[in-house]
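Asks: I am attaching a structure below and will ask some questions about it afterwards.
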Amino acid sequence: MGDSIFTCCYVPPHPPGEGDPPGSRSRRLEITMASNSANISSDKRFLIFFDFDETIVDETSDDMVVQAAPGQHLPDWLKDTYQPGRYNEYMQRVLAYLAEQGVTESDIRSIMEKIPASPGMLTLLQFLRTRPPQDFEVVLLSDANSFFIESWLRRAGARQIFHRVFSNPATFNKDGRLVMRPFHSHDCARCPNNMCKQVVVRDYVARRTQERGRPYQRIFYVGDGANDFCPALALGPRDVVFPRRDFPMHRLITETHEAMPGDFKAVTVPWASGEEVVQRLRRLVAE
């Protein structure tokens, strides 16, 4: 990735607890949000959400970790265990397999650190870092896992930009295996069973609005995938969605505009480079 353009300030993740009793995940998430967001300044004008895979970075981290496997590929018997909607469980098996093959924490971290940023993304992150402190509250929301994300952000020196990181919690156990757990449970039929990003966005915005005593001027969402379409549906006409051009999120928004005009309310600004997002944000913050 080259030398960092940022100064790094590592803040450990705060994932939901393991072994929560049934029905407590959402409450645990609410408590976690409250305890962390209390440390965020309430004078931020704008809230901006980022996806990670193929948004901040130009690859899918789950695919990249396979480079650590023998021969840099997974056996067919393992790949055949994947079931639609249960990708998180599949990745848990992949990580267990890698540990059995002797893949270490250092091996995985090294692969994550080498993933290239998406075009113009470092410019966008630098823009956010150098804005006045009252401008942006920045949140990362990803269906990858906390170890992959934290490894990349720390290497890029970009961790301090993000006020919160929401992802599937992942930690190494005493045997050296990376153990990943589902982020939460939910009732959304559109999303994989371990994470609905719309639930997280709605809960976070509601909590922060209550803490701040007022809404944000605008909410922004930068993403690429089908699971970024669901949270974008929750945004209003003053908000702006930045889908990566010609990726699934962009196609779903386009199809929704054509099939159900008016259902998708946020302003849509497709991007191929993060520099295009910077240009639009410059105009919006100047208004």
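Any Cβ shown, glycine's included, is placed from N, Cα and C.
The active site, nucleophile feature in TrEMBL is assigned to Asp51. Marked as active site, proton donor by TrEMBL: Asp53. According to TrEMBL, the feature Mg(2+) binding site maps to Asp51, Asp53, Asp224. The substrate binding site annotation in TrEMBL covers Asp62, Asp143.
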Asks: Nearest by CA distance to Asp62 (substrate binding site): which of the recorded positions is it, out of Asp51, Asp53, Asp224?
Replies: Asp53
Asks: If you count the C-beta atoms lying within 10 Å of each candidate's C-beta, which of the recorded positions Asp51, Asp53, Asp62, Asp224 ends up with the smallest number?
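Replies: Ranked by other Cβ atoms within 10 Å, the recorded positions Asp51, Asp53, Asp62, Asp224 bottom out at Asp62.
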Asks: Using Cα coordinates, what distance in whole Å links Asp224 (Mg(2+) binding site) and Asp53 (active site, proton donor)?
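Replies: A Cα-Cα distance of 8 Å.
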Asks: Using the Cβ centroid of Asp51, Asp53, Asp224 as the reference point for the Mg(2+) site, which residues of the same chain not in that list have Cβ within 8 Å?
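Replies: Nearby residues not in the site list: Phe52, Glu54, Thr55, Ile56, Ser142, Gly223, Gly225, Asp228, Arg244, Phe247.
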Asks: Which residues does Asp143 (substrate binding site) neighbour through Cβ under 8 Å, counting only same-chain ones at least six apart?
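Replies: Long-range Cβ contacts: Asp53, Tyr87, Asn88, Ser167, Asn168, Phe183, Pro192, Asn194, Met195, Lys197, Asn227.
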